[in-house]
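Student: Take a look at this one; I'll ask things after.
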Amino acid sequence: MKSDIEIAQSVPLKPITEIVKKVGIDGDDLELYGNYKAKLSFEKIKSVKGNKPGKLILVTAINPTPAGEGKSTMSIGLADALTKIGKKTMLALREPSLGPVMGIKGGAAGGGYAQVLPMEDINLHFTGDMHAITTAHNALSALIDNHLQQGNELGIDPRRIIWKRVLDLNDRSLRQVIVGLGSPVNGVPREDGFDITVASEVMAILCLATDLKDLKARLANIVIAYRYDKSPVYVRDLKVEGALALILKDAIKPNLVQTIYGTPAFVHGGPFANIAHGCNSVLATSTALRLADYTVTEAGFGADLGAEKFLNIKTPNLPKAPDAVVIVATLRALKMHGGVAKADLTFENTAAVRSGFANLKRHVENIRKFNIPVVVAINEFVTDTKAEIQVLKELCAEIAVPVELASVWAKGADGGIALANAVVSAIAEESAAYKRLYADKDSLEEKLRAIVTEIYGGRTVQFGPKAKNQLKQFAQYGWDQLPVCMAKTQYSFSDDPSLLGAPDQFDITIRELVPKTGAGFIVALTGDVMTMPGLPKIPAAMKMDVTEDGTAVGLF
């Protein structure tokens, strides 16, 4: 079998102007970045706003193994399969972060014969969105430090600046830094730090904004620091939201590319799901809904993170809720949740599949709490056995959830046809009646408790000393009306990554709350989740290269 990059490079690409005609987009509606990438114009986005939205399919997963469970690959394969069975389909995915590409992932544009193309461009600099977001974020950092240097008219307490700098790389050595060292002309010395760009509030804002006006309003509402009297300081106090929006004026436009099978795909925005809300842009998803009969999108990591945030944070900003949710499961992950060591996952173990099924079952039950139909997709691997597959199908039948085997990695669209038909049937047979898990009027504590008890299966939520004080403080500022965004390990329902399966009798401890008032949510930090990842001992970058003719090597 060829590698992902070899498959991608063997596919003859069609001009993007030809691909997008399938969904009613003309060449004049595009801002081209070469022959195979484009941004969609604001004029076209506005012109389709009156269109009735099509069906929305959200792809999520069980709690993953470190290698991931192929959620992006399944999303792409499902979209291609829907196209193949005659459905007018679009795909709406996140764009990769360069940090994990160079770190552990090596790429994030699907895999095998279910990829978005050109994969090298998408995995590297693409259309420059990450650069624009990084620049806008760090421009604000520079403006804050300049304000301190120029007399600090707003009375900002340098010890209480909460706006860190960002970089689209994994670099643990930048988590905590000191800026302003040297002579007085170098600024006011203070503690600072770096997050990865996909954890930036600017990224979240770009992904939730509905247009440039909304983008500017959200940027203005970012909390950057506190004064000596502990009152919050906003971007609007610095009067720089216009400049930040200017830097982002092109980045907010959704990017268009193609799948191997030729399905039009929006790839736009990329917040992580463990430290941010984990969904691609509202603009891309909303526009896809108004252009196609079926839109396939995804939310990062497991359904306890990405799907919960999609349904509680993103969905209220969309023209409609999902019509169906596909939960991707692999037998290797179920066996790991059933207690099998990583080294033994390739061996048949039906007992471990039965035990690990508790993880999948809880995810299915959770999605049903939102009143949305669920379909399980088994992402097939060559090490899967007939006995293990049969056991999983029987277990799914016991909880009355449709299940289909999908081999889109190996077979592309053909490997996803059964899944596509199952999803279409689920939508036709069972109407979604979406309801949120909590109301805006609920307190932050009530919202967090609902997530911990209803989604994670825990006993309750505990608050550390800092978080306890912040609950009172945030209520005074009116921020308790915002939804919550949990920053938690992706490997477990709990905040302990080693607690696999479907644990109960555990508490989640919130150590800190972070206001993301521009994005419109409050981040709750749990465990030791880092907002600036580090690199592994052997980074994927060590296997990457470029040939003399400019061909990329080692992306996967």
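Glycine is treated like the rest: Cβ placed from N, Cα and C.
Annotated ATP binding site per Swiss-Prot: T65, P66, A67, G68, E69, G70, K71, S72, in sequence order, evidence recorded as sequence analysis.
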Student: Under a three-state reading of DSSP, tell me whether G70 (ATP binding site) is helix, strand or coil.
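Tutor: Looking at the DSSP assignment, G70 (ATP binding site) belongs to neither helix nor strand, so coil.
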Student: Quick check on the binding-site residues: of T65, S72, whose CB has the lowest count of neighbouring CB atoms inside 10 Å?
Tutor: T65
Student: Counting Cβ neighbours within 10 Å across all chains shown, tell me which of the binding-site residues P66, G68, G70 comes out on top.
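Tutor: The residue with the densest Cβ neighbourhood is G70.
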Student: So if I draw a 10 Å sphere around the Cβ of K71 (ATP binding site), how many other Cβ atoms end up inside it?
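Tutor: K71 (ATP binding site): 26 neighbouring Cβ atoms within 10 Å.
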Student: Around E69 (ATP binding site), how many other C-beta atoms are within 10 angstroms of its C-beta?
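Tutor: I count 24 other Cβ atoms within 10 Å of it.
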Student: According to DSSP, collapsed to three classes, what secondary structure does T65 (ATP binding site) have?
Tutor: coil
